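According to TrEMBL, the protein carries these features:
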- 12-33: transmembrane segment (TRANSMEM)
- 45-68: transmembrane segment (TRANSMEM)
- 75-94: transmembrane segment (TRANSMEM)
- 100-125: transmembrane segment (TRANSMEM)
- 132-151: transmembrane segment (TRANSMEM)
- 163-181: transmembrane segment (TRANSMEM)
- 244-265: transmembrane segment (TRANSMEM)
- 272-291: transmembrane segment (TRANSMEM)
- 297-320: transmembrane segment (TRANSMEM)
- 332-355: transmembrane segment (TRANSMEM)
- 361-379: transmembrane segment (TRANSMEM)
């Protein structure tokens, strides 16, 4: 079980809303060709018009995320749902292309549901469960897309009835979401300090790297959606209905694999998972470029591509969930998805464009295979730097450490045990650092060193001076004096110790500097990152550390 009733309720409500909005979002464009037939538009004209909601949806995601972070998803999701319902009803009565463009713009606003829903999910779950929850969130997009693809085989005569049913569902959802998401209204207010600047968030290294992974992985799903029916029809002579059903199955398979990707990235290095997916998909794309026999070779290869894309998509969504700061989760997801959506359209446009030039998929699939290999190679070469950047959103945080009489806390942790939870570690330590005088006793990984942790803390706590120093076990008096001097001037010391010495060194150091309490951060397979109190606080009246374990 992911969590208690309240987080699960938030997850279900947010996923349902995003699913409904996604169906609405795709009424205009390549996914909704049957609507285009009503207006006598060619496939090219309808596809061009279909870029309108995509562009509008990408543009509104960042402001929608900021608004949802400020006022809560319980207001943003119902408002977007009502607007989407009115747009769907209007779609039945417009009679001109100009009016259709206006409706397309209004429908594009349904894209605002994604950052609002993602922010609510990230705030509802404890750190260790956010990744899997966001992977489920991403899987819903694939499953809803698969259902939309399958609906293309339904008779167009039922279109009006389906639009009315969708509008009623959107209005009903608006009422339910207002009531069921009311817990998002009671979250803590954003911390004081400078206001979040959307443009700065877009330029942040975390946004760039996560957007690339979001776009490349999501681009694979989009390419399946838009190009697989024509590939199966042109290369193997399948009827449109059969090719459409096969595409729906492939996209649904990607959705199921996305959940596995979220689970896998929780237990292994997420960069290694992404790299493995990209490298595994590349030879399958090369194989498909030469049109092998469908039943014996092409079908299993397509299934492998769908699974690889789905795992990478779930991993990318899980990374966003684990890295985004909860108080700015909507804005962070909005920035990543806005940039990532633009990237995600490139693979499909490449395949469609090259097929239009030489009536063959060989060159396009070979280029996609090369891109997959290049992506995997880049992740391998820049693994440490990219992971550090991807888990450290540089967003406004509270100011300098608390007053001199704040609780002095020593935290011990081992990189070997927490290797796959770097973003959770940085988030927890940053939260402690804003409320406590903090000393971190860190046992670094010999291969990676302490740079990732220190760089991440400096980006999360820009008002703090974070300095690293080495110490033995027991700490030498001059090492203890150095830590005390750093605390006296308001710095945050990171004490580097040898293998297996984190807890003993933390206890000895705490005794020497008269710390109030000693905490140890450790992984938990259910709750993710949890803390245990190694030594009780001597001054119970002081502030207590924020709980890292789910209260449910």
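Yeah, the Cβs are placed from backbone N, Cα and C, and that goes for glycine too.
Counting Cβ pairs closer than 8 Å to the transmembrane segment (100-125), the top stretch among 45-68, 75-94, 132-151, 297-320 is 45-68. Only pairs six or more apart in sequence are counted, and the transmembrane segment (244-265) with the transmembrane segment (132-151) gives three or more Cβ pairs under 8 Å, enough to call it a contact. 297-320 is the stretch from 75-94, 132-151, 163-181, 297-320, 332-355 with the greatest number of Cβ pairs below 8 Å to the transmembrane segment (272-291).
Highlighted: of the candidate stretches 45-68, 132-151, 163-181, 332-355, 132-151 has the greatest count of Cβ pairs under 8 Å to the transmembrane segment (297-320).
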